[in-house]
């Protein structure tokens, strides 16, 4: 075939191809535009304003709210308390629910699916409801208060303290961990466990050397999600008491009680950075992790 | 340690965790149905508190349903095309866009709500209407719809089907509605259930954005916990559970439909 004959055909083909690829790109763009417009107008623009607002003068100190946040004891204590509490909740939830989730994934028995249902359904409870459930457990009329009144003649109340928050955060963290751990155990190659066992490894050796390393990314990922969720949990804290030194409650207080918008903005941005980083880590470790605040 | 003993110990531990999860729910349900919680069950069972909740708070329930439905419509209309666009974009661009859309979930609701108030709070009419809350709900739930649809599209081998349709002369529009949408119906269903459940339960954004005339169910719940007697709060919680539990059952069922086989 000569070059003169080949060229027009080739050009026409190339033209048509380019036209089609242009159209395909346009279709892709059109499909994405509504979501991106909404996001830009109602999240990106407002959040950028929030970022700038945090740099404005704090009402009481008169200097930039970001700077005030870093130099005032009150805010630093809140930050430290929130981080410590969230870390403690994450570790406890991963330990407790990791153990229960592994057990449920590896055994089949009558009523097993009922137990799984009980442990996972509270996943979608909003924070306010979880707060109320903590009141049911540890409030003035709660389960503990009634039991201790009956046994020792006095009411034991923990709901309205940091420990109450710990219990509440644990409550909404456990279902998250259970679902992740059960899925991770299902994906784990069981033959490894069998091999270890047939080589004479004890139950705990298998657990320590095979299972935990095998599901470690899932454990870390779900732990990071629990941490982020606990850091940002407003509903539970709001129900249990607005005087506790917790970042979400500080933000709410600065905004509604003191009209200190700069500080509310600065605290929100810092809190947002922390939760975003934790969730980004979680997604890096396990690609299907999404996380949701309560 | 013998096999049996170990099994019993682990089962015992798991049962304890289950008790921790279920006891407060059971107590709350009981409190909502007893005449006087402080006297206990002997005071008798009643639906009095539930009907009181209905009289006081039924408009919050209707508003929540309205919001959830509107949110579902918008997230479907925006989210399904967006998932399709992500599927057709280059991997890195798709990843970046997904990360962006996820920000309203990754950042606490309080921050999103403050930001919205800062920029749009001064538009009185908009601020006072339920549409203001709807914006917050759409931002928060959209990533869940996009993610659910996108993951089904990935497994449905859409590019191949689309190529076939296009070689038969189907326009992009025809391909989208004739091939893409029917093939990711299960993803849309899973996403829809997620969106409705999350919207009905959303509190953090809504609390900041609501006005006395635009109270949703969770806002009403917080209200009743703070100012009503325990029985009313419990009965209200019971109503909420009755709404949310069927949705959760359906999510599990849809998950079995679309998810990997176990």
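Going from the start of the chain as shown, residues are counted 1 onward.
Cβ atoms are placed via backbone N, Cα and C, with glycine included.
In TrEMBL, the annotation transmembrane segment applies to B:176-200, one of the ranges B:151-175, B:176-200.
Touching of the transmembrane segment (B:12-33) and the transmembrane segment (B:129-149) is ruled out by the presence of fewer than three CB pairs under 8 A, sequence neighbours closer than 6 excluded. Same-chain residues lying 6+ beyond the ends of the transmembrane segment (B:129-149) with a Cβ under 8 Å from its Cβ atoms: 63, 66-68, 70-71, 74-76, 78-80, 82-84, 86, 98, 101-102, 104-105, 109, 112-113, 116, 120, 184, 187-188, 190-192, 194-195, 198-199, 202, 205-206, 209-210, 214, 216, 258.
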